[in-house]
Amino acid sequence: MDPLSISMESKVVLLGSSDVGKTALSLRYVDGIFPKRLTSTIGASFLTRTINIEGNKIKYLIWDSAGQDRFRSLATLYYRGACVAILVFDITQQKTFDIVKGWVEELKANIQEEIIMVLCGNKIDLEQNRQVKSETAKLYADEINAMYVETSAKENEGVEGMFLEIGKKLILNKHNEYFKQFQQQQKLHKQFQQQNQSLYQYHIQQQKHQQQQQQQQQQIFKNQQFYNNGHLQGSINGHNNQNSTNYSDNSDQCCG
């Protein structure tokens, strides 16, 4: 196994109006089916799928949230902690595209951590009824720093590719995170080395200072010894000279 390979779980939440095809996209991707009849999701549904991308393992935890307004207040429970938000609109209904913009503002207001946003124009099998131009959607995706994809859950177009691109982005982000952690560790290691070097230099300076103090003390001691010995010798010499003088004086007196 490649030591640089990644194994991760990623929470993915699908947001958007009711009947834009969120549940159909989830079922197409996870189970490979397109149900002929679907009822509106109540609250949220939960599906999982694990994929491998170039030796990296990703387990998608897919939350399909309800699009009805009466469940809007519960949405924060579903997108909290999500790594990816897929904002789905129906290309044949301009209103669903406008509603997506409200979801974007809500995400920005309630999510502090970085999240991958994907703007998904679904139902391209109904191209003849398109109301939202691809160019318009792409410009908005660039504005919010999101990926833009177009899909058809019915015809199984773009669905696999969307989750593949999401996976590649997740892997890239994880590698970047590891690289930042490595850089931080290197920075801390460098600071630690610098601190150790400073402590070592301080220790050397202290040793030199102690040696200088010892040398000074030794020199002072030598000077004191020299002074004491010189003073003692001078006293002895002075005493001898005095005795000699007295003796000479006495000799002169005796001879006289």
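Glycine too: its Cβ is placed from the backbone N, Cα and C atoms.
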Where Swiss-Prot places motif 'Effector region' among the ranges 38-46, 155-163, 200-208: 38-46
Let me check the 10 A CB neighbour count of Ser65 (GTP binding site). How many other CB atoms are there? 24
